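Comments concern the structure below.
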Amino acid sequence: MRLAVIGGDGIGPEVVAEGLRVLRAVHPKVDTTEYDLGARRWHETGETLPDSVLEELRGHDAILLGAVGDPGVPSGVLERGLLLRLRFEFDHHVNLRPVRLYPGVRSPLAGDPAIDMIVVREGTEGPYAGAGGVLRKGTPHEVATEESLNTRYGVERVVRDAFRRADRRERRHLTLVHKNNVLTKAGDLWSRTVAEVAPEFPDVRVDYQHVDAASMFFVTDPGRFDVVVTDNMFGDILTDIGAAITGGIGLAASGNLDPSGVHPSMFEPVHGSAPDIAGRQLADPTATVASVAMLLDHLGHAEEAAKVEAAVASSLADRAAAGAAQPSTRERGEDLAARAAG
């Protein structure tokens, strides 16, 4: 496995080190190359993602990212210059976010709900494609537009990916989330595409939720969802709700995928760089380790992925039973690696 590693900023390098520890515990044949990308590089050189580095990244099987950013970088610089550029250059059209409440993890929701879903979010279109503009900026007559771009090609490939994932899961249930009563043009495209692809997956039950209703049900009845497919912006919002109801973004993993394998997919914890605790071994690497499980599964190493996922689940359960003890970042990583290897 040829793995590009972007530790990034703040706690990023610390949690990535433990993710690599766990990865090597189950898959020793890993050839890693580290890249200095993020806020530090921007402060020193003004660069976000040089073309030469982009071409080097292209030659890897996958990318493991820690976290990027610090308060001194203007908003949008790293998001568009690094993260979104990687997404568009490598055609990461599927953003995959598991939403699972592990045994022993407390949810802010009452009643210990059963939560186990995945959100398949379109990653390269919608309002984040960068279309739009500003007229008469700074005047009382300023006009700002952000356009949502949705193509049949882009929608269909994400819908098919979601159906394939639903077809492999026990419940075989797919929910399309959109707002087709107001966003009638894009909503119609999404709804028609789901309806036209559905006959190819006769065992998958399909339903629809408006995004406002889905947001409510994520909180009041999350067990009704199995696989959710949605557009870029709605998925961005729903997945953060999903993280909040399953222990917080500190446990949330994600994958930015090109399912075809033509380009390297990127895996990362959802949390930020947390510069206030950087270098103090206080960060929890669990989300990074869960992202490693997704990386392994994506590259076809299902058995190793299952071992890492089981290690995460057992560690979280034991952690809840142990109470207030707070191991260091390294200690958590060593424990997870031992569980995965054993």
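All residue numbers here begin at 1 and follow the chain in the order shown.
Backbone N, Cα and C atoms are what each Cβ position is placed from, and that goes for glycine too.
Here Swiss-Prot gives region 'Disordered' for one range in the set 79-102, 175-198, 199-222, 319-342: that range is 319-342. Cα of Asp240 (Mg(2+) binding site) to Cα of Arg97 (substrate binding site): a span of 10 Å. In the three-state DSSP reading, Gly272 (NAD(+) binding site) counts as coil.
Proximity of distant same-chain residues to the region 'Disordered' (319-342), defined by a Cβ-Cβ separation under 8 Å and at least 6 residues beyond the stretch ends, is recorded for 11, 14-15, 17-19, 21-22, 24-26, 103-106, 281-286, 289, 307-308, 310-312. Each residue contributes its Cα atom, and for Leu282 (NAD(+) binding site) and Tyr128 (site 'Important for catalysis') those atoms are 33 Å apart.
When the binding-site residues Asp240, Asp276, Asp284 are scored by other C-beta atoms within 10 Å, Asp284 scores highest. The compositional bias 'Basic and acidic residues' (329-342): residue composition by secondary structure is 13 helix, 0 strand, 1 coil, according to DSSP. With every protein chain in view, the residue among the recorded positions Arg87, Arg97, Arg121, Lys179 whose Cβ has the most Cβ partners within 10 Å turns out to be Arg121.
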